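Asks: This is the feature table in Swiss-Prot:
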- 1-25: topological domain 'Extracellular' (TOPO_DOM)
- 5: N-linked glycosylation site (CARBOHYD)
- 26-49: transmembrane segment (TRANSMEM)
- 50-57: topological domain 'Cytoplasmic' (TOPO_DOM)
- 58-79: transmembrane segment (TRANSMEM)
- 80-100: topological domain 'Extracellular' (TOPO_DOM)
- 97-189: disulfide bond (DISULFID)
- 101-120: transmembrane segment (TRANSMEM)
- 121-139: topological domain 'Cytoplasmic' (TOPO_DOM)
- 140-158: transmembrane segment (TRANSMEM)
- 159-196: topological domain 'Extracellular' (TOPO_DOM)
- 197-219: transmembrane segment (TRANSMEM)
- 220-236: topological domain 'Cytoplasmic' (TOPO_DOM)
- 237-259: transmembrane segment (TRANSMEM)
- 260-272: topological domain 'Extracellular' (TOPO_DOM)
- 273-292: transmembrane segment (TRANSMEM)
- 293-313: topological domain 'Cytoplasmic' (TOPO_DOM)
């Protein structure tokens, strides 16, 4: 059924950030800088992995896909948010809102699956180092990434199709910076029980289960590290997992409660701040985490700068 038959609302109004008008310019500059840092930083990660043959390993294969996902993730919401900060009428068409919500959920879930695949890679590398190349072969890596994309698509498509069946009668103001699924459900004048049931069920599949897999992986990793007799071996294992653990903490720390328990009452400002954490801050920090705490990435970055300096002369 077409949106025109289901809804009398042709557009939504995004309230945006809860800031005063005189603060708009400062926050616009801040978020523009953060967005550009996200795009350029993750593009640099992808470039380094592509150019340096030493980085053609399963770990960096997953990282390159994570970098692409982070760029796409931020690009779904931040450009529209920046544009709204420069205009007085912060509207978004019904179709654009549904599309934004679809891709937001898609890349959120894809992040979760990719981070889980990286945890499995670290588990094999530390717990089964002698069989690493046999287990983490190219076919398995491609399969894990392909499944991540397919499951993410299925998840976002299920939410989107269910949402298009709802009616939006009069209220069209979204107290958010983008078209958030939970905010849209609150505006609907239809029965949203099925939507909330699917939201909770899918949330368990794409958030809780991957998180449990990560915990189990690091449980085995921790047990293996404790059996390592040398401090050098422990340091190497920790340095291998440190970057990934930081990303896991940032990602799940900011979205776990809000995504899994969407009906829990919370202030609007808190929802916006949490959303900004995982749409702006986390994608921006990921390149720094992997470049500053990873020896291979720092060496590849040094080679790139040396090559650029050589050609500049």
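Each residue, glycine too, has its Cβ placed from N, Cα and C.
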Asks: Among 97, 189, the disulfide-bonded residues in question, whose Cβ has the most other Cβ atoms within 10 Å in this structure?
Replies: 97
Asks: Count, for each of 58-79, 101-120, 273-292, the Cβ pairs lying under 8 Å from the transmembrane segment (197-219), and report the range with the highest count.
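Replies: Top-ranked stretch among 58-79, 101-120, 273-292: 101-120.
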Asks: Please give the sequence-distant neighbours of the topological domain 'Cytoplasmic' (121-139): residues at least 6 beyond its ends with Cβ less than 8 Å from one of its Cβ atoms.
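Replies: Residues packing against the topological domain 'Cytoplasmic' (121-139) from afar: 58-59, 62, 217-218, 220-221, 224-225, 237, 240-241, 244.
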Asks: Determine which residues of the chain contact the transmembrane segment (101-120) at the Cβ level, with the cut-off under 8 Å and only residues 6 or more beyond its ends counted.
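Replies: The answer is 59, 62-63, 65-66, 69-70, 72-73, 76-77, 141, 144-145, 147-149, 151-153, 155-157, 159-160, 163, 178-181, 184, 206-207, 210-211, 213-214, 217-218, 244, 247-248, 251, 255, 259, 278-279.
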Asks: Should residue 189 (disulfide bond) be counted as helix, strand, or coil on the basis of DSSP?
Replies: coil
Asks: Using DSSP, how many residues in the topological domain 'Extracellular' (159-196) fall into helix, strand and coil?
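Replies: So the topological domain 'Extracellular' (159-196) is made up of 17 helix, 2 strand, 19 coil.
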Asks: For the topological domain 'Extracellular' (80-100), what are the same-chain contacts with Cβ under 8 Å, counting residues 6+ beyond its ends?
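Replies: Residues 3, 7, 9-17, 24, 27-28, 31-32, 35, 160, 163-164, 168, 174, 177-179, 184.
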Asks: Look up residue 97 (disulfide bond) in the DSSP assignment and report helix, strand or coil.
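Replies: Assignment for residue 97 (disulfide bond) reads helix.
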Asks: Can you name the far-off residues of the same chain, 6+ from the ends of the topological domain 'Cytoplasmic' (50-57), with a Cβ under 8 Å from a Cβ of it?
Replies: 64, 296-297, 299-300, 303-304
